[in-house]
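What follows is a single structure, written as structure tokens, with notes after it.
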Amino acid sequence: MEADSRLVLPLAAIFTAFFVAPLVVLLLLSLHGDIAMQGWTLHNYVKFFTDPFSYSILIDTLLLGVKATLVCLLFGYPIAWLCARAGARWQSVLVFLVILPILTSVVVRTFSWIVILGRQGLLNQVVMGLGLSNEPLRLLYTEVGVVMVLAQVQMPLMVLPILTVLSKLDPNLADASRVLGAGEWRTFFRVTLPLSLPGIIAGCILTYAASITAFVTQTLIGGARLIYMPLNIYQQAVGANNWPFAAALSIIFMITVMIVVGVLGAIGRRSEIHGRA
Amino acid sequence: MAGLRRIRWDALSLKLVFGLLAGIALVFLVLPTAVVLLTSFTSSQSLRFPPPGLSFRWYLALLDADQMQRAAWNSLVVAFWTTLLSGACGTAAALAIARSRSPLMRAADLLFMSPLLLPALSFGFAALIFINRLGLSPNIPLLVLGHVIVCVPFVLRTTLASLSQLDASLLEASESLGAGRLTTFRRVTLPLIGPGIGAGAFLAFMASFDNVPVSLILADERTEMLPIHLWQQIETNLDVRTAAASGAIVIATLILMLLAERFAGLTRQMH
């Protein structure tokens, strides 16, 4: 091993001892019936896939991620677009505003959303003040509320990768499209959007993974009745003290996340090759 | 004439739609921070928004909140050690990864970045089982190691990004002028990638200070961490001291962000 490569060793040691080894133990425990780990069994996995309650939680979680990611994309792309067009100074200000939520403590942020989304919260005051609704909207402890908050919390993860791609884009390409007679919308959908696909996919991977694993937001905004995978794992591990089943849930959840990330990543690589051609 | 008007309307409508969406999004991005700040200065006993009057009374009440102060101190200590370890090991690993093309290093890179995508709660739970099997019980050093796993990707990412922009000819120039490898690192490489490391360390510190999933599972009964304490406050008795503590965290975050922007060009490092 050359001298430079050895610099990786300290972190590699920490990861082997404290990341890889625990995950291996987690996998082993999920294949046993109890914590003593005697006798192999697939019981925990069979239990998950035969119990509609269990696997519907996984499906709900995956769908929640899709909804939050789409909302993030719808609102995040225009922010990135605006940032890319702004001068250096305004760009700094905008990026600062975008990363502000992700750096503010997640508990604090969620707490603030409880004040905003509550029955007598800010949003309901505005909605009722404008006469849009006669009674307060139920937002807290509903999926609409969870999607809203997740979209806000994860917005930077969508905006930043798109901004990276948009600011490297050659403005001549859009100009050429306009000179050739395409309108702004056509130029956007036929030139700018396809070229920014790698950024969009990178953003979607990050937002999706962050949304489905967002334990604090899901639990505090969703309340006890909306159960997603992270809370399910926590309840099985700490509440029900069923460690082997919680281990199986964790493994299933992690593999699902890896599959989604892998598929999106493969699409991303293809779009990059396509973009270059 | 009609054609020209159509083109103008076309350009205008695109700007209008994008501007509107971006505007709404920006309001929602800033809203929670603004609401927390305003609520924390309320003069009333309740968390009503907008507050009926402004005062510092809940910030003063924080001075007597022993439990909260202890939790804040624990979080600061853990975040400090996490940042130090992540910064040192992460920078070293980034140097090795950036200078190598071997598939083994690509794999290491992927491994080190994976905690960013995998559910942190599952990792925390795995670590707890592991510690248990070893016959140990959760303690602060183990908690710090757990935090390093989930925080080091931030250091790695920003440092690798600044290393990729490093002009190799500068290093060659330094070495051809007779500087040793260590001197070149200290006098050329480090100053140039310093902002990248700094921005990464800042992000790692914030991520550790704010971590719930790992702390919730790996902190022992005696060491309560601030986010967990605040969470319990929010779930049980929503008192206004929680708002004041939240306000204090927001103010500290804003100050740190401005410092990170000033000294490490934070916003430039983020994209």
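Keep in mind that glycine also has a Cβ here, set from the backbone N, Cα and C atoms.
Worth saying up front: this structure is predicted, and the values here are computed from it rather than measured.
The domain 'ABC transmembrane type-1' feature in TrEMBL is assigned to A:58-264.
Summarising the annotation, TrEMBL assigns transmembrane segment to A:7-33 (among others).
Among the features that TrEMBL reports, transmembrane segment is placed at A:53-81 (among others). Within the chain, the transmembrane segment (A:53-81) has long-range Cβ neighbours (under 8 A, six or more residues past its boundaries) at 47, 94, 98, 143, 146-148, 150-151, 154-155, 157-160, 162-163, 166, 199-200, 203-204, 207-209, 211-212, 218, 227-230, 232, 249, 252-253, 256, 260.
Here TrEMBL flags A:93-119 (among others) as transmembrane segment.
Sequence-distant neighbours of the transmembrane segment (A:139-166) (same chain, 6+ residues past either end, Cβ-Cβ under 8 Å): 64, 67-69, 71-73, 75-77, 79-81, 83-84, 95, 98-99, 101-102, 106, 109-110, 113-114, 117-119, 121, 123-124, 192, 195-196, 198-200, 202-204, 206-207, 210-211, 214, 217-218, 221-223, 225-226. Feature annotation from TrEMBL assigns transmembrane segment to A:139-166 (among others).
Within the chain carrying the transmembrane segment (A:187-210), a Cβ under 8 angstroms from the stretch's Cβ atoms is held by residues 65-66, 68-69, 72-73, 76-77, 80, 153-154, 157-166, 169, 173-174, 177-178, 257, 260-261, 264-265, 267-268, 271-272, 274-275, all 6 or more beyond its ends. Residues or ranges marked as transmembrane segment by TrEMBL: A:187-210 (among others).
If you look up TrEMBL, you'll see A:245-267 (among others) marked as transmembrane segment.
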